[in-house]
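> In case it helps, Swiss-Prot gives these features for our protein:
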- Glu141: active site, nucleophile (ACT_SITE)
- Glu132, Asp167: Mg(2+) binding site (BINDING)
- Glu145: Mn(2+) binding site (BINDING)
- 45-227: domain 'Nudix hydrolase' (DOMAIN)
- 125-147: motif 'Nudix box' (MOTIF)
Amino acid sequence: MNFYRSSIISQIIKYNRRLAKSIICEDDSQIITLTAFVNQCLWCHKRVSVSAILLTTDNKILVCNRRDSFLYSEIIRTRNMSRKKRLFLNYSNYLNKQERSILSSFFSLDPATIDNDRIDAIYPGGILKRGENVPECLSREIKEEVNIDNSFVFIDTRFFIHGIIEDTIINKFFEVIFFVGRISLTSDQIIDTFKSNHEIKDLIFLDPNSGNGLQYEIAKYALDTAKLKCYGHRGCYYESLKKLTEDD
């Protein structure tokens, strides 16, 4: 596990049975530790994101391409001008072309010439707003990011996966809770209704049986875990997200 003081992992371990062995997956900018638990008692801290790994009816995994790279968001967010410049000059290859152009003009600096166009991918989800529960948060985020109504989404709440994400570029840690789910739509139907927005530029669909990269590794761990027996769970097997929202 990452050397990070988690805000909720001690409570998760205390009240939820571990379902599968932890794994670590990483690339050139992130190290992610994943641990699956039987859903016996889960609540989410305000700084913990909730995300859904969703399969379409044509057996594709839905993934969102962020409009802004993680690095660009951090450079814009930080108030320390020296840190802004350092991140830009040292890691400009983790920006997309438009971001590099914008920041070059802003700082009047030219980093080393880079041709790549960075794309950061995520699963739909986000942080709970005040007064929201997990189903409400997922419903809102999936609608905002992907334009899918919660009546088309079904979530397996028998288990969840706790993730610690270390961003080695900006030197920060993040926590996320993943759920597995299904969408009663094909990938083509989802693309037809999707509208590019301020958070998500476009969508991609992964083959759950073959692939590479962090999003594929996360999905494979989640889908393999879904096949295990979740004895003692207090959730549901692919319950309608709309019904979960109404029940809570």
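Even glycines carry a Cβ here, placed using N, Cα and C.
Show me how these features fit into the structure around them.
Remark: Glu141 (active site, nucleophile) has Val50, Pro124, Gly125, Gly126 as non-local neighbours, by Cβ distance under 8 Å and separation of at least 6 in sequence.
Secondary structure from DSSP puts Glu132 (Mg(2+) binding site) in coil. Every protein chain shown contributes to the tally, and the Cβ of Glu132 (Mg(2+) binding site) ends up with 19 other Cβ atoms within 10 Å.
Around Glu145 (Mn(2+) binding site), the same-chain residues six or more apart in sequence whose CB sits under 8 Å from its CB are Cys64, Pro124, Gly126, Asn197, Glu199, Ile200, listed in sequence order.
Tertiary proximity for the motif 'Nudix box' (125-147) is limited to same-chain residues at least six positions away from its ends with a CB under 8 Å from its CB atoms, namely 42, 44, 46-52, 62, 64, 153, 155, 176-177, 179, 190, 193-195, 197, 199-200, 203, 241-242, 244-245, 248.
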> Taking the Cβ of Asp167 (Mg(2+) binding site) as the centre, how many other Cβ atoms fall within a 10 Å radius?
17
> Three-state secondary structure of Glu145 (Mn(2+) binding site) from DSSP?
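Going by the DSSP assignment, Glu145 (Mn(2+) binding site) falls within a helical segment, counted as helix.
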